[in-house]
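S.K.: Have a look at this one before I ask anything.
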Amino acid sequence: MDLAGVLLALLLVLVLVVSLLSNLLVLLCFVYSTEIRKQVAGVFLVNLSFCNLLLTVLNMPFTLLGILRSQQPLGGCVCKAVGFLETFLTSNTMLSMAALSIDKWIAVVFPLSYTSKMRYKDAVILMGYSWLHSLTFPLVSLFYSWVSWLHSLTFPLVSLFYSWVDYNSVYASCTLHLKEETERRRFTVFTIVFHSTSFMLSLVILCFTYLKVLKVARFHCKRIDIITMQTLVLLVDIHPSVKQRCLNEQKRRRQRATKKISIFIGSFVICFGPYIITRLIELIPFVTINYYWGIISKCLTYSKAASDPFVYSLLRQQYKKVLINIVNRILKRDLYPSSGYNSSLDTENDYCLHRTN
């Protein structure tokens, strides 16, 4: 293995370790905190962390072995099972992020009716759709042996899909892979439909909902800015340093919502975009994907599993306090008494009160 291969392997190991620890912490917070479990958004966060954790444990190690050995590390049946899981889990995480954005949109744009518009039952229905949607494409491969004799009649796509889940040396992983050139047209249609209903659908939902959230956040910032300026005008004897601090806080307040929305959408595009675009470009017959670029794009998709816990959970004040409480409990310290801690407020955007059921 050359130096580039070693560096890619080390990068994947780092992503694997961070993803494993961070997603376990999110699940631990959910189990430990009653307030987090009461929040409807907790359903989406648990599903996202659970899928990321499975992807970390079941898929990343096999991709790492593929990089180290430069060949297929698993048998045919095991490889197809791993490819099935990767297709399902990746699609499910995308849809989970879309569901989180819908929850945030309802909470910010319709705060007074949030509890009636987004209930636990509604969250479970959304997650049920996410699982059904994500299972639709990879499940076709499981039924191949049952319907292959119908491939010339009503199920030609089903009979061919089974051969499309295999080891792909370009990405050093078990994933969708075209082996027969005669199947290219149907494989192309399938790949476009699959990525359109997972990546593109989720991206459209993210952009629509978060831009609506940003619009409301800017409106509230504008109102607060007007009140702040009026107050500063009235307080003529205010010290210049205090006035400057108020103006600086005013500027940070305007930038805070934009920065968070940019992280939500930007991390999704940066992590998934290169891989999805690469998978679509390779559908062109005369295009050959560079091996190292294929591995890098694959590592970027895995890095989303490592960054999601920080983007959506661990950097929030509520989760920080829960983690501190867990550490204090382990160390038998009581720095945050339960009577003085109330985590029912979701302060993630500083603009909306998340009401629990």
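In case you wondered, yes, glycine gets a Cβ from its N, Cα and C as well.
TrEMBL annotations: computationally assigned, not manually curated.
The transmembrane segment annotation in TrEMBL covers 6-32, 44-68, 88-112, 124-147, 187-213, 261-281. Annotation comment: TrEMBL describes 22-312 as domain 'G-protein coupled receptors family 1 profile'.
If you look at the structure here, what lies around each of the features I listed?
M.R.: Counting only same-chain residues 6+ beyond the ends of the transmembrane segment (261-281), those with a CB under 8 A from a CB of the stretch are 94, 97, 101, 176, 191-192, 195, 199, 202-203, 206-207, 210-211, 213-214, 287, 289, 293-294, 296-298, 300-301, 303-304, 307, 311.
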S.K.: Over the domain 'G-protein coupled receptors family 1 profile' (22-312), what is the model's average pLDDT?
M.R.: 82
